[in-house]
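Listed features, source TrEMBL:
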DISULFID  Cys56-Cys71  disulfide bond
DISULFID  Cys94-Cys106  disulfide bond
DISULFID  Cys101-Cys119  disulfide bond
DISULFID  Cys113-Cys128  disulfide bond
DOMAIN    770-928  domain 'GAIN-B'
DOMAIN    939-1185  domain 'G-protein coupled receptors family 2 profile 2'
SIGNAL    1-26  signal peptide
TRANSMEM  938-964  transmembrane segment
TRANSMEM  976-998  transmembrane segment
TRANSMEM  1010-1033  transmembrane segment
TRANSMEM  1045-1067  transmembrane segment
TRANSMEM  1087-1112  transmembrane segment
TRANSMEM  1133-1155  transmembrane segment
TRANSMEM  1161-1183  transmembrane segment
Amino acid sequence: MMTTKNICPLWIAAVFFVSLPVPVLSQSRSNTCAKFCLVTPSARPILKCLRVSDICNGIIDCYDGEDERNCNDEFTQPAVTTENPNALTSPVVCGTEEFLCSEMECVPQRLVCDRFADCSNSRDEENCTSRGLLRKDLARPGTYGRYFLFAWPETYPDSSLRISMFGVSNETSAVTISIQNTLHSWTLDVPAQEHIWHDINRTLVTNSKREFANITIYIQSKYDISVSAVSELFASVGIFQLIPKGSFGKEYFVPVIDDRMEGVATVSALSEPTYIIIRFNTPVKLREEFLHPGEQISKSLNPFETFQAKVRVPGNDSATIMHIVSDKPVAVVSGSICARIPLAIEATCDYLVEQFPPFSQWGRRFTVPPFYNRSRYSLLIVAGRNNTEVTLRTGIRESSFGLRQGNYKMINLDDVEIHVTSTKPVLVISFSTSRIIHEELDGDPAMIIVPPYEQFILGEQYFYIPDLGIDTKHYISITATCDSIMDFILDATSVNSSSLVVKGKMCFSNLPIENGNHTIKHRSNNASYMLASYGFNSRSGYGRLVSFNTRPITCRAHDELHDVILEYNCDDLEKSFCPDDVTNGNITWPQTGMFTTVKSEEICSLYYSRAGEPVRSRRCILDDDPLEVKWEEPLIGCGEPKPVKTPQDLETTIVTTENVEEVSMALESVTKEIDDITTDDVVAVSEALAKVVETGSSSPQVTESVVQTVDTVMADLSLADTEEQDGGDLETTETAMSTSAMVQLMEQQIHQSLEVVDNFAIIEESIQVQAFNLKVEEIADNVALTPAEVQTGGDAHTSAILPKNVFNLQLSTVAVSFVLYRDDSLFRTTSDKFQNKRAPELVLSISVGTVKVHRLKEPVVLNFPTPKENKSISKNTSCVFWDFQLNDGSGDWSDEGCTFKGATNQSVTCECNHLTNFAVLMDYMDEVEVMPVAYQNFLNVVTIIGCSLSILGLSTTLVVFFTFKRLRSSRPRRILVHLCIALLCLYCTFLFGIDLAVNSKWACPMVGALIHYFLLSTIFWMGVEALNIYLMLVRVFNMNVRRFVLKSALIAWGTPVVVVGMCLIFAPEQYQRETYCFLTQGSVFFFALIAPMALVLFCNMFIFFLVFRNLMTSNMAGTVHRKKTDMDMLRERLQNAITMTILMGLTWTFGFLMFGHTRFIFQFLFCLCNSFQGLLVFILFCWRQEDVRKTLRPHCVSAKRKGKEVVGAKADYDVTNSMTGQHTTGLKVSLDTRKNIVSTTSTSSTILLSPNKIKINNNQKNSESHI
């Protein structure tokens, strides 16, 4: 059995500076972390959770092999020299003091929310409402990273820029170097623990004037690397360390030194557009622009764009401080490259390029060692805040001075160590300013940004010493506490006392070192230190800070309540949150972040002054004396009682999910108490509704209260509109916007309720709501919506048909709402777009889901009840919807996407290609009233009597013609038989089926189709009659058409079959209406019935005009029958006209004349003429025909009746005289021929009217069979 010592090795203490308590776990929990194993010894150590079974299993999981040490031989297997990437093969179970990163990884709980990602998936730093402090004992090298960014300053020389990269992980890392906003990029591999160079020639990034373009260099690496930028000029080497982009900030103070050449500072944006503001503490000339102290310039940078500030400092000052503030983190580089310092010149041209840390990484305590190979150096101290007191101490000497924000102090020093302390964060920069001590050579410029104690590094450090030639001497300078400096190991050599320089509590040691890769660490890994390197030869030299930490030192907290930003030292706070607390014995306050208020779930009633606020609340604050995060005293109470009598009393009420039901019910109550509603009332109700709905409550009680509130407002507005016809004070934009908002808020609340309820209905006086969730997979056909409850007669005719394609929302369930508004009181338009239309009596609102449904391929069909007033609806009636965007948000009616499809006595039909609030703006035909009910009943009686008598007459006619073959031998008689059959079938299906089958789903469409078919057949046979008359009386010559009747039958009976069949196939639903079985008004009704009828009747009218003109012309051309009076001739012409009108069906044209003031007359004429048409056919073409009577006379029972003449009948008909009123004795051949032909047709009872006698010879009779 292992001991605790074996499980918690010494290296954990080295990583965390102090030993972390690792819990001792039960061996029975094989999946629990037995230890945290270091697998990557980089600047950001990667820890892995090991199970007990992973220890002593023969596989090395830890980097140092600690998991396989001190194992019994029986458990030891052949050692593996590389780490096992699959150490955990089953999920781990974290202990009570551990945090679960993933199924395969745990980390100590204390590492959670500490601003460092310890989990490989960074889960320990996610969702941190209150961040803990940075671990004071963990100072990781901040120069290690995977993403670096900087700009190439204009003051860099013409030679190449060298990128130095050192791999600090155990893996070869793929690195991409790219010059942003150009096409230049390079990809290379950086081996583990190795160094490589990459040169970038300046010609790639300069323009034709050899000036720098706006360039930014971006470096990306797969694993952690350390990156430096190197450049040489006249045997002077400039090296600066790059900072990873995660350490960039938003505020910088950058010294820009103008000495021999312009100072340059670059500001580079990252991957987002960035806004920067720049100020200077002294007068400066920025390129060609002169700026006064405090005057600011602002720039907007595109992603990866760099702003180059090229500065001249007039007067005696050689430096200025550039203050940079940005809205997003930026990278800042500043400095110059200079030649070697001549012997006779000191303190000039010694400012080299560096990438600067942001203000948050500045410190208050510094130890500055002298440059190893310089006799003198200078110190530049910059203050970032006002009232900064700085103290300098060298040995026993001490001095102090004060600085304001943006000011600096330059101090020249001999070869001595100096300690700097300040009351507020400062930036300390060390410069070399003299010749080289040992070699008596001119000094090479050098500069180091001195890290404060807080930025000292901890643990093992990997670094690279550049090769500057065979005669170069390199030194590494270590600064640490005196009691720890002797325990540092450089590669494999310990620091010896001969190199040790003791300066008070802090000591530094300068060790000679060769160029190449090196490692330094402390024996116990628990000492922090600063590391710098120097090198020089007869040609050049350098000095640089090797590595430093970049964790924030100055933290900021924003007190949003007082709009104050507080700054404090991050390490001065033990915690950045208020811990759990209990007050009054039972009130629990959970852990809360700084400047956050915790509120109790219980809230104050709306009848108190603090309505909607929590009954108890407590705030976590930052106290600066002493600096600590602590709880304020709890705030308990609801204030003074407050009455709620009007909607305005709810204006200041805070509405939350806890009191939304109470507020909604109160709003419903006070709205009902309004006597005379005003615009202020409407606005107050709308605003209160907005608060209620915006809580997102899905409570059915809230929804019911919202609907009742809107219903009450709607009823009050309707009453006010009725009493004040001119609109009064309510016709304002505020009222229109508020009522329009009410409609949207109510519909939003309805959909919120469908989140918890599958369906519901709310029936109020003015509003009816029906809402339900519909499963898309169950939708097989169009969905019909009807009112949930029929309250009025019109509700039965109110419906909406949603096409199936409305539900193509890629959802399993969609919420559907159907709202019926009894009037348009909530839809108040301030425009006059539809001022000539009557306001809608009803508004339908339809919504599917929460998305906007528009541009439907198949339209939504809407049926509205006809108006209550007895008005006839015009074709100019508009189908409209309420567009909330019109009139600057107050809304208005729009007819876009909606079409009026017709109206009946019961309903008005519209079609729209979208969903919203629909209505009909009626346009009445000259305000003529609809026929009274008594008149409708009278027409129904006339129709029934007429159809019945017509059926009897047509049946008798067909029996007679079918019984006696001789009577149907002529062509006109055969055509008449077909017409009688069509009329008889039409009357029978109309009389016995049109309303009796309305309740049958299959019989009603069948009856409607039969009526449609026989009506078309009847009209077509009337067209055949007209064509036959034209051939006989107008054309005359070539009048014989072979198989005329057969061809006519194919057309008159066959064409309707095609038309009706297509309707049954493609639109069978058009044959079923709510009150009778016939075509529904619409496109099918127009194209399949009205259009063919109109075409045939138009042709018949044209033929009627030709025939009648021909008859009149023949009469004028002949010799007038002297025995006939003018009255007889007029009677004969009238009889001819009536006969042709009946045969040609011209009485059906009355149906096209039923509009305007005379429509009652034409309705009566239409019913009378067309219902009695069958009876008239029997009278004129059967009973009054002499040949029919002669044929029937022998079969009559009464012998007495056989010998008598029927009253009003004549023996023969003189067709010619019937047409012309003359005898025809001496006419031309053409006229004689016409008389003979017409005389022949007279016996077949086609158009014979005039009672005259004529002898018909045998030749003429024989000709009948050939016509």
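Heads up, the Cβ atoms here are built off N, Cα and C, so glycines get one too.
What TrEMBL says about a protein is an automatic prediction, not a curated fact.
Recorded features from TrEMBL, shown on the structure.
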residue : record         : CB count, 10 Å
Cys56   : disulfide bond : 19
Cys71   : disulfide bond : 16
Cys101  : disulfide bond : 23
Cys106  : disulfide bond : 24
Cys113  : disulfide bond : 19
Do any residues of this chain, six or more beyond the ends of the transmembrane segment (976-998), have a C-beta under 8 angstroms from a C-beta of it, and if so which?
944, 947-948, 950-951, 954-955, 957-958, 961-962, 968, 1004, 1006-1008, 1010-1011, 1014-1015, 1017-1018, 1021-1022, 1024-1025, 1045, 1048-1049, 1052-1053, 1072-1078, 1143, 1173-1174, 1177, 1181, 1245-1246
State the non-local partners of the transmembrane segment (1045-1067) in its own chain: residues 6+ outside its ends, Cβ under 8 Å from one of its Cβ atoms.
971, 974-975, 978, 982, 1005, 1009, 1012-1014, 1016-1017, 1020-1021, 1023-1024, 1027, 1079, 1084, 1088, 1092
Counting distance between Cα atoms, which of the disulfide-bonded residues Cys101, Cys106, Cys113 is nearest Cys71 (disulfide bond)?
Cys106
Which range out of 1010-1033, 1087-1112, 1161-1183 gives the transmembrane segment (938-964) the most CB pairs under 8 Å?
1161-1183
What's the CA-CA gap between Cys101 (disulfide bond) and Cys56 (disulfide bond) in angstrom, rounded?
25
Between Cys56 (disulfide bond) and Cys106 (disulfide bond), how many Å separate their Cα atoms?
20
Mapped DSSP class for Cys71 (disulfide bond), helix or strand or coil:
coil
Could you find out if DSSP has Cys56 (disulfide bond) as helix, strand or coil?
coil
Just to verify a number: CA distance, Cys106 (disulfide bond) to Cys113 (disulfide bond), in angstrom, no decimals.
14
Sort Cys106 (disulfide bond) into helix, strand or coil using the DSSP assignment.
strand
